[in-house]
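Colleague: Can you keep this structure in mind? I'll have questions shortly.
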Amino acid sequence: MAELWTSIGAAPAEKQEQPPKPRDVILVKSPALLSSTSSSDLHPLKKIRTDDKCLKPKRVNGEGGGGNSKGGPGHSSSVTWSFPQGASSSSSSLCLGNPGKTEKPTKPREKRDKEKKRRREGGGEENGEVKTAGIPCLPAASPVTAVRNEIKIKDKEKQKEKKKHKLMNEIKKENGEVKLLQKGTNEKPRPNAEDLQIKKVKKKKKKKHKEGEKRKHPKMHSKSIQTICSGLVSDAENNQFKEAKVEKDVYFMGLLGKTEVKKVKVEKEIPFVSLKEPRVEHKLKCLDSLEFKHLIHIEHQPNGGASLIHAYSSELSQLSPVEMERFSEEFVTLVFSENENCAAFYVMGIVHGAATYLPDFLDYFSFNFPNSPVKMEILGKKDIETTTISNFHAQVKRTYSHGTYRAGAMRQISLVGAVDEEVGDYFPEFLDMLETSPFLKRTLPWGTCSSLQLKSRKESDDGPIMWVRPGEQMIPVADMPKSPFKRKRTTNEIKNLQYLPRASEPREMLFEDRTRAHADHIGQGFERETTAAVGVLKAVHCVEWNENPRITKDVICFHAEDFLEVVQRLQLDLHEPPLSQCVQWVDDAKLNQLRREGIRYARIQLYDDDIYFIPRNVVHQFKTVSAVCSLAWHIRLKMYHPESAATQNSDNLEETESGKETKADIERRDKTLYSSSTYTCNVQFKDPKQKPPQIKHEQTYPLQTSEECGNINLPTISPAPTECHTFETKTDYTTDTPVKNEMESTLELINQDFADRHVTPKDTRQHILTNSVIRTEEENMC
């Protein structure tokens, strides 16, 4: 410390003799200066004086050299100082001891100096003192050059980065990772993710627009415009429907205002009923004209939008046999009724409990026809086994439990005789039992509503057929015969470690008892067309009987007016058999999708002892819920085939005309015999000795005389000579007037009798003319 204060005290004395000294500058050592610094430590440098013009003093912290200098920052005295190693501390203090004579720098320069201090790495600051040990005091660089150096360094760094990027791009190009864009007029920028999404949305809109153009008008689901927007009705008819709807609304508003219930008058004309609008039973005007409308229940399903008809045997039991016949006629005609587009109003008609009078089908056939061959499926396999119906019934009894049995299904057998590879036989007694029902009597393939006129029931190509299904169920693998789900043993230990028996090996299998969507058809090739179907359901009981009927089938039926759209959406192949027309199973998700597109459907549950009727163009799918034996057949209704009905009527007319012709031939033969008998009578008058009592005997029994004449074989006599004979006889025999009057009266009576009873108009006219001519000639001759 004493040395420090002595140096400070000696400083003013030296000021007068020596010129002002610049402050020491701490320089960042470059690798070239490191050697010089090491040599300077060994050999201390001496003070070197140079001219003012040679070197320019470097400013540090915005300050110049001595305090007496009045020039700019670049014109101060350029003097470099060096100190020995021992006097470093004193020199540093001396260099910092002249703050009073320095000029105040500007504010931006102070900011620059602060930034420079922060960037320095070589030197350190302790309590405001700069360490300069072992470092020579070289001239400091100006701030402008420092800024320029910094800019150059930044530029160099940027260039290095660019070079690195270029090298990386070249490497990627060589590896093929970067695709080169061809420069030219057709150069397009790469699309962004947003542009791609916009393009996808535009494509979807175009597709929807095209689908909308395929349909003439998009289907609307509003209650008020649903019928109009379907595109199936003309504008004139739409206006009529609007007017009818307005009248209906006014009518029902009036009914709501009245408290008394009045009877609705029966309408002569049945109005058009549109099922596209949700309606209730009492709103359907077509039911008002029916005699048994209180026994018909119409169900409109809000989810699917389609309607169906129900009738219950418990309510029909009160009817007499004659009334039952009339009710069956009304019910069948209502189920198969269609609009002007040939689309049925209802998707199905069901008579619940109408087959209770029939015996259990399996029991009946296994007891009465035990050796009848049938084809039986095997669970879990596609193989088919041929066995007898009694053996099949025994397997059903052995595996039956609570509505299902665990055996294969029985394939269809024909009940009207087997043809080619078919299985079945002709069972006339069973068919007679079916015909006892008034509903089935009308709707069998040869029924009263059918357009077919079969000579024998064996000629039917439309059924009936019978089959048995076990019901959809989950079956354990242990109960499956020769289970196909066996684990494949592998020698790989890694796979064995990943083996999870619960996940990889199924312990039970789903047995799907389903018939995919299809439509009933008749004919082949270009003559193939849709038709109606009728079915009878009898549940398999096997001694277990319940009071309430069991659900046997879950059915989905699509509206007949949406037939073409359903075929397009479900990709139906209508030329395939019913089991393979559709590839996919229509579940709830698919139904909701179809409903959003305007397609109507109905979900139906069929019970034991039900008889159901399905109109044409109704696509339907079945799922067997419990074990059931089914009967089904196709019916060609007269309303579906008006041409065949017309041909049948013409055939009937031809038969009646042929019958009339045979009768006319018989009458003509009788007439010829009668005419010959009259001529013989005239010829007999040639004899003048003939007695009148004989003529009176013929007059009293005219029919007997004609029969006697008909039985006698007389020679053929031409009319010309007989007329000559009559002339001669009547010219000779003119005196007997009473005999002449009696003959005229007998001829008139006989001619009137034949004209009224036996002879056709054409024939009678010819014979009447000849006889009248004879009579007139006789009168004139007299």
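Glycine residues also receive a Cβ, built from the backbone N, Cα and C atoms like all the rest.
Reproduced below are the annotations present in Swiss-Prot:
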| type | residues | note |
| --- | --- | --- |
| REGION | 1-223 | region 'Disordered' |
| COMPBIAS | 14-26 | compositional bias 'Basic and acidic residues' |
| COMPBIAS | 30-42 | compositional bias 'Low complexity' |
| COMPBIAS | 62-74 | compositional bias 'Gly residues' |
| COMPBIAS | 101-113 | compositional bias 'Basic and acidic residues' |
| COMPBIAS | 149-160 | compositional bias 'Basic and acidic residues' |
| COMPBIAS | 167-177 | compositional bias 'Basic and acidic residues' |
| COMPBIAS | 185-198 | compositional bias 'Basic and acidic residues' |
| COMPBIAS | 199-222 | compositional bias 'Basic residues' |
| BINDING | T515, Y612 | 2-oxoglutarate binding site |
| BINDING | H518, D520, H620 | Fe cation binding site |
| REGION | 645-669 | region 'Disordered' |
| COMPBIAS | 657-669 | compositional bias 'Basic and acidic residues' |
Colleague: Given a Cβ distance threshold of under 8 angstroms, which distant residues of the chain, six or more beyond its ends, lie next to the compositional bias 'Basic and acidic residues' (149-160)?
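Modeller: Sequence-distant neighbours of the compositional bias 'Basic and acidic residues' (149-160): none found.
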Colleague: Quick one: DSSP breakdown of the compositional bias 'Basic and acidic residues' (167-177) into helix, strand and coil?
Modeller: 9 helix, 0 strand, 2 coil
Colleague: Can you tell me the CA-to-CA distance separating T515 (2-oxoglutarate binding site) and H620 (Fe cation binding site), as a whole number of Å?
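Modeller: Per the Cα atoms, T515 (2-oxoglutarate binding site) and H620 (Fe cation binding site) stand 9 Å apart.
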Colleague: Quick check for the class: what is the C-alpha distance, in angstrom and rounded, between Y612 (2-oxoglutarate binding site) and H620 (Fe cation binding site)?
Modeller: 13
Colleague: Cβ within 8 Å of the Fe cation site's Cβ centroid: which residues qualify beyond H518, D520, H620?
Modeller: A517, A519, A533, P578, Q581, I614, V618, V619, Q621
Colleague: Which of the three DSSP-derived classes (helix, strand, coil) applies to D520 (Fe cation binding site)?
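Modeller: Once the DSSP labels are grouped into three classes, D520 (Fe cation binding site) ends up as coil.
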Colleague: Quick one: of T515, H518, D520, which of the binding-site residues has the smallest count of other CB atoms within 10 A?
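Modeller: T515, out of the binding-site residues T515, H518, D520, has the fewest neighbouring Cβ atoms within 10 Å.
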Colleague: Long-range neighbours only, meaning 6 or more apart in sequence with Cβ under 8 Å: which ones does H620 (Fe cation binding site) have?
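Modeller: Once residues fewer than 6 apart are set aside, H620 (Fe cation binding site) is near V347, M348, A517, H518, A519, V555, I556, C557, F558, I614.
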Colleague: State the three-class DSSP label for H620 (Fe cation binding site), counting H, G and I as helix, E and B as strand, and everything else as coil.
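Modeller: Its secondary structure by DSSP: strand.
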